[in-house]
Amino acid sequence: MSDAPPQPENEQECMCTQDKVLQFLNKMADESGIKDLTDPALAEFLSDSDALKEIRDLFHYPKAGTLPDADPSLVDPESDSIYLCGNSLGLMPKATGEVMKDHLDKWAKMGVFGHMSGEVPWAHCDEYCLEGVGRLVGAKKEEVSVCNSLTVNIHVLLTSFYKPTETRHKILLESKAFPSDHYAIESQIRLKGRTVQDSMVCLEPREGEETLRTEDILDYIEKNGDEIAIVFFSGIQYYTGQLFDMRAITEAGHRKGCFVGFDLAHAFANVPLHLHWWDVDFACWCSYKYGCTGAGSIGGLFVHERFLNDQRERMLGWWSHKMSSRFVMDNVLDLDEGAAGYRISNPPIHTVAAMLGSLKVFDQVSLENLRSRSCYLTGYLEYLVKTLFGENSEQRTTKLSISIITPEEFHQRGCQLSLKFSSPIDIIYPELVKRGCAVDKRYPNVIRVAPVHLYNNYVDIRRFISVLQEVAHIVESE
């Protein structure tokens, strides 16, 4: 059994506030001699002064001219793009190409012998990721597996943990969960002989509010937990960017006898996680957003160590069988322990190679340091949006106004801010793209913007704001 991950030092992981960000900006403005906090020159100074600025050099950062819809008459093709879309797809680490090439060369030279030979034998390749992935989710090696894709892992885990009874059969999730989660839960309920109408509970925010209050989630579990089989929330809500209090939700669910699991698609490699210490029952994630492993790359799952030798029914395959006797092939299952027993098939080396390449970056910088950097990046973005586009701001120079639906409290958000526009985004979004911006649209009027702590900087954010000001005037004219 491996050692437990470090215990979190405090209950509220992020202690940053908007006041601290403002103090930081004013301090840096004084040092630079720049009085206006919205001055693009301050962004240059902030980026040059950033202790983690060289992490960006570990990534391939796209030029504006390589983006398919950028207009060369509006943006210099040789300039860096404004890539603020890592919440959808992270950028490629330079190490990834090298790792992939090594395994392609190995395939060419060894063929089938690559399964058991070489520096990273393919039959064991996922195991080489476990320590690094365990650090990112706050888990022991035995509690994590690198396998499948996110939705497949939702099915794998719910098949095993969702055992409805006549009195306890409901699954609680947030309203407007990501569609794949919603469909997976619907199908699991039907497969277990229940109806979605009776067994699926989607918790809505209060009227007039965009995000769920933690106290409302906990109150619902306390009042209705005896009927709930599983509480299954996102770690970070994909649309609003809200970071849920996973520790508090887990404690509330356990007090009422519920299993508690999380979809960490937008939390993995974004914010520090402590799944082991939070006592979470199970969780799963994709790795291609903040994990930077490439489109559709391999996912992962977590099962708490208390289920290490648990024999609950599950979806099985030959990779569920212990490696020590797997190739005896006598068709007598020798179930692997912990999360390894939830694997089904052999890992695809090319997507595992992408994970290995990404983990080389996280070997050089801690997620805790990245989290601190993230708070100041999003705080700077928030300041600029509120100052230059806030509905009641005296410095707003356009009729277009923008509000932020992501929570203001830093401990309730990660890298992403979801911007809500006073005008439909049908014109706004294409004009941003023409000018070399990569952001993410959600109709009718939300654009998700994610300054990723690994490779974005203050200049990227200020350039985005400048483009947004330009586009706002186009919207006014049309």
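Even glycines carry a Cβ here, placed using N, Cα and C.
What Swiss-Prot records for LEU150, THR151, PHE178, PRO179, SER180, ASP181, SER234, ASP263, HIS266, TYR288, TRP318, ASN346 is pyridoxal 5'-phosphate binding site, and it gives sequence analysis as the kind of evidence. Other Cβ atoms within 10 Å of the Cβ of LEU150 (pyridoxal 5'-phosphate binding site) number 25 in total over all chains.
According to Swiss-Prot, the feature N6-(pyridoxal phosphate)lysine maps to LYS289. Contacts of LYS289 (N6-(pyridoxal phosphate)lysine) defined by a Cβ separation under 8 A and a same-chain sequence distance of 6+ are given as GLY86, ASN87, SER88, LEU89, GLY90, ALA265, HIS266, PHE268, ALA269, ASN270, in order along the sequence.
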Largest tally of Cβ atoms lying within 10 Å of a Cβ, found at which of the binding-site residues PHE178, TRP318: PHE178
Local backbone state of PHE178 (pyridoxal 5'-phosphate binding site), from DSSP in three classes: coil
Cβ atoms near HIS266 (pyridoxal 5'-phosphate binding site) (within 10 Å, other residues, all chains): 29
Binding residues LEU150, THR151, PHE178, PRO179, SER180, ASP181, SER234, ASP263, HIS266, TYR288, TRP318, ASN346 (pyridoxal 5'-phosphate) - maximum C-alpha distance in whole Å: 31
Sequence-distant neighbours of SER180 (pyridoxal 5'-phosphate binding site) in its chain (C-beta under 8 A, six or more apart): LEU150, THR151, ILE154
